[in-house]
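Chemist: In case it's useful when we look at the structure, here is the feature table from Swiss-Prot:
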SIGNAL    1-23  signal peptide
DISULFID  83-356  disulfide bond
CARBOHYD  140  N-linked glycosylation site
ACT_SITE  173  active site
DISULFID  235-251  disulfide bond
DISULFID  236-241  disulfide bond
DISULFID  276-325  disulfide bond
CARBOHYD  327  N-linked glycosylation site
ACT_SITE  394  active site
ACT_SITE  451  active site
């Protein structure tokens, strides 16, 4: 009846319903995470975001350790394609890092959630704990961007208290494709407070990545003079070399040899000066499972590059995809522990967690050869700060190729290339790498770091991240 007062019970129910819709989802909160000697003071959540009608992306969200209400929200995506972003959480810059025993977590003094609310999403469907109802895992760059955007929208629906916070999109490796394609969608959505993006050792251009890698390999002493001379003779003309899609038969043979040296000879493609975990990579078999260690990102135009994995899939063998020269045993053991899965609210029906998914990678359709148009669109708005950073001893996505890519965008130079410094306490300030700043886009190297910068140089990575978020000079 009009004007009738609500009963106290009904009022209480309505208030509780409203509060649930204005705050983080209680059912996703991690109450007790196995492996920690002491549970964290910050709140963390694990559950699922709706990426499409049939796709469910697993997320793990760690609130900032310092003033979460006013800290930015930072999305992190690992690459592959086909690899889990929990690699970033547990081995790079998460609040706690997995130890070699695969059981223990130790707090990370350089965790990125010291100053930000960090959202880790496993993408695309089929990766890690993410899944699709129809179990169809064929996808492509455009669909993944749309799925990531829908998942991000769902995150802000579940966590409306963060919708006005500054938003930064970040990632690594093949996230060099994921992040700018997602950013182009997000920039058109006024409900999201996008401030910028940062990509570490990202794949921005296949052509520049391949062309630069040959120079990187030669000047790091990996190619002999005979091979280098032959490359110059058969792959170059008029002072310009094409190591990307050259059709000269001798050039192709030379590039196959470069590809073998860089990726198959026992060198660590992710960090030239680090040992290769497990020894020389190749055809490893564990428990009747064949392990493949090639993501198909370098020298993609060479013949025979994809025939071996395709033949493997037809053979019916169990195949696993692992990052080369990387020991994934500890994170795999941890995330497949039934108590951990329960703490993370993972359905029992889902298969085991693997760092990377072979089928997702093999069936993935790469639609873009360059991110040039995406970055130019983002830069044309003059609203966003963009950082491309590279560990300078990575060969998978080497620093030179990404620097060439930034140069090709032809943005106005504001700060010439110079060293940037990190304070190492008793050791004093040290050169951490080099940086050059153009209008709204910065290129930065981290000296002595490989593909996974926060793993190799955690203090430098955190310093860079802090300066990026706070718009401070590097």
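Just so you know, glycine gets a Cβ as well, placed from its N, Cα and C.
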Chemist: Fill in the CA-CA distance, residue 356 (disulfide bond) to residue 173 (active site), as an integer in Å.
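Modeler: Residue 356 (disulfide bond) and residue 173 (active site) have their Cα atoms 13 Å apart.
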Chemist: Compute the C-alpha separation of residue 325 (disulfide bond) from residue 394 (active site), stating it in Å without decimals.
Modeler: 12
Chemist: Within a 10 Å radius of its Cβ, which of these disulfide-bonded residues (83, 236, 276) has the fewest neighbouring Cβ atoms?
Modeler: 236
Chemist: Based on Cβ atoms within 10 Å, give me the single least packed residue among the recorded positions 140, 173, 327.
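Modeler: Sparsest of the recorded positions 140, 173, 327 by Cβ contacts within 10 Å: 327.
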Chemist: Round to the nearest Å and give the CA-to-CA distance linking residue 173 (active site) with residue 140 (N-linked glycosylation site).
Modeler: 16
Chemist: Need this for a regression test: recorded positions 83, 140, 235, 241, 276, 327, filtered to those with Cα within 10 Å of residue 394 (active site). What's left?
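Modeler: Close recorded positions: none.
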Chemist: Under 8 Å between C-beta atoms and at least six apart in sequence, can you list the same-chain neighbours of residue 451 (active site), or say none if there are none?
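Modeler: Once residues fewer than 6 apart are set aside, residue 451 (active site) is near 172, 173, 201, 269, 270, 271, 391, 394, 396, 397.
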Chemist: Reported as an integer number of Å, what is the Cα distance between residue 251 (disulfide bond) and residue 236 (disulfide bond)?
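Modeler: Given the Cα positions, residue 251 (disulfide bond) is 9 Å from residue 236 (disulfide bond).
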Chemist: Going by Cα-Cα distance, which of the recorded positions (235, 236, 241, 276, 327) sits nearest to residue 140 (N-linked glycosylation site)?
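Modeler: For residue 140 (N-linked glycosylation site), the closest Cα among 235, 236, 241, 276, 327 is found at 327.
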Chemist: Rounded to a whole number, how many Å is the Cα of residue 235 (disulfide bond) away from the Cα of residue 276 (disulfide bond)?
Modeler: 30
Chemist: Between residue 236 (disulfide bond) and residue 276 (disulfide bond), how many Å separate their Cα atoms?
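Modeler: That comes out at 32 Å between the alpha carbons.
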Chemist: Are any of 83, 241, 276 (the disulfide-bonded residues) within 10 Å of residue 327 (N-linked glycosylation site) when you go C-alpha to C-alpha, and if so which?
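Modeler: Neighbours among disulfide-bonded residues, in sequence order: 276.
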Chemist: Other Cβ atoms within 10 Å is the metric here; tell me which of the disulfide-bonded residues 235, 241, 251, 356 scores highest.
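Modeler: Per the Cβ count within 10 Å, the most buried is 356.
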Chemist: Using the alpha carbons only, what distance in Å do you get between residue 83 (disulfide bond) and residue 276 (disulfide bond) once rounded?
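Modeler: Distance (Cα to Cα, whole Å): 19 Å.
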